[in-house]
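Database features (Swiss-Prot):
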{"type": "ACT_SITE", "residues": "D44", "note": "active site, proton acceptor"}
{"type": "BINDING", "residues": "D44, G45, H49, N114, E115, D144, A152, S155, A156, Y157, N158, L159, S160, Q216", "note": "NAD(+) binding site"}
Amino acid sequence: MNINKIALIYNKNSKHLAIIEEIKKLYNYCKIEEAEVIIIIGGDGELLHNIHRYMHLNIPFYGLNLGSLGFLMNPLDTKKLLQNIYESTVSILHPLLMQVEDTSGQIYKALAINEVSIFRKTNQVAKFRIDVNGVERMSELVADGALVATPAGSSAYNLSAGGPILPLASNMLCLTPICSFRPRRWHGALLLSTDTIKFEILNITKRPVNATADFQEFNNITRVTVKSTKDKYIKLLFNKNHTLEDRIIKEQFGE
């Protein structure tokens, strides 16, 4: 991938400003809107926030890890930065579209790259009904919550909640309960990326529920609809010897 214009995005309060300044001295950079590649310096959180902010530009993102985990990032190598981008592989991610309705009847929409999650707002467990493609699949799930994860997000919150890791090209979604109380032995479901999942919240007054799309949170929700978007996509760049597919496979074997 040949590039001439790069943009740099980083947290100006980062403790790694010395490294960031070194990168700025080594490479010419331009305004974000003029870039051929947007380089996000930091961790997964910094990357996700800026993907949400700039995905409408349809410019590829390259994450440079200065955080802790950095699952969606590339290892720091200031000297070979442009070479690594030239030789990088592209992963195409389709975000989830979440539509929620709250107790006032207000409807909100948000995109999620990793997962959509719904969870109890108080000490009372949540109760909700689950429909898939308009068909009731579970009349009542009693749990702390539930989530729908993309393949890219399946190794994040979904994995911590006991859900499976999905291969990036699987065209599937994870539906995973969070601390399920009833049915106690239900561990979730694997669904097609073309499926539409709907959660109807039960006993809302006593058991209020919130919903999030990645880091965007909505309060006092009555229903949530989740589906994958095909008309929106994100291009993430990864070093040729450090692809997202390889990382997902390694994660399944505990590497």
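Glycine is treated like the rest: Cβ placed from N, Cα and C.
Taking each of the binding-site residues N158, S160 in turn and counting other Cβ atoms within 10 Å of its Cβ gives the largest count for N158.
For the pair formed by A156 (NAD(+) binding site) and D44 (active site, proton acceptor), distance between Cα atoms is given as 11 Å, rounded to the nearest Å.
Geometry remark: A152 (NAD(+) binding site) versus D44 (active site, proton acceptor), CA distance 12 Å. Under the DSSP three-state reduction, A156 (NAD(+) binding site) is assigned to coil, being neither helix nor strand. Listed recorded positions: D44, E115; maximum Cβ neighbour count within 10 Å falls on E115. Overall, the recorded NAD(+)-binding residues D44, G45, H49, N114, E115, D144, A152, S155, A156, Y157, N158, L159, S160, Q216 cover a maximum inter-Cα distance of 26 Å. The CA atom of D44 (active site, proton acceptor) is located 14 Å away from the CA atom of E115 (NAD(+) binding site). According to its DSSP assignment, E115 (NAD(+) binding site) is in a strand.
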